[in-house]
Amino acid sequence: MANKVFLFTLLVVVVAVSGYGKGGKTRLCAKYCDVISPVCGTDGKTYDSRCHLENAACGGVRVSFHHDGACFPAKRCPGICPTIYLPVCGTNGKTYSSLCQLEDDKTCNGVYVSKKHDGKCACNPVVACPEIYAPVCGSDGKTYDNDCSFQAAVCTNPGLTKIRDGNCDCTPLLGCPKNYRPVCGSDGETYNNICFFEIAKCKNPLLFKLSDGPCGRKVVPIKKGY
């Protein structure tokens, strides 16, 4: 009897803690599961019982009942999908490059998914990007702070493409430092530092760095026999 009282008290505590939701409202989330009868969830995970699965779902896991018994082990992907781009949207919100890729994800990785519709899934913009400055130039002529910001723009403008890494405008916003750390470019020019070299490279994408330091004199090879 004492054990039953203890278990009931423990259950009440678990419910109170795990079921405390937004706005101070309490949800009766946890249930005491005393039977082990494995079931497979739509997330591809095996749960000890349907009761355990429902507790996970109540706790915020996006899962529902798939079938009785353990989930089937994932099979090895054959990797023979044709290299074509005919995007389809899966019921998991993921865009696949083709229906074949979707089927591979389902049969090879154990993902519970089916085709929702042809074409890309609806855009889900990134809420927050890291505060790092690694500029990317888009085909709209706009410089994005980093690739994350660029991809967020692509989400709302699918026709947008990346022109190059770096600023769209080849003129640095704050100017180059005045320190002299020369760099030799493939055009034979000596640049005061890497910043000036990058500006030149922005204007001439074929330019590359030959070496650190100033460009040396051109050496005329001496032919053998002279």
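Even glycines carry a Cβ here, placed using N, Cα and C.
Here TrEMBL flags 1-19 as signal peptide. Per TrEMBL, the feature domain 'Kazal-like' maps to 29-71, 72-122, 123-158, 162-217.
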Across the domain 'Kazal-like' (29-71), DSSP labelling yields 9 helix, 9 strand, 25 coil
Please work out the helix, strand and coil residue numbers for the domain 'Kazal-like' (162-217) from the DSSP assignment.
10 helix, 13 strand, 33 coil
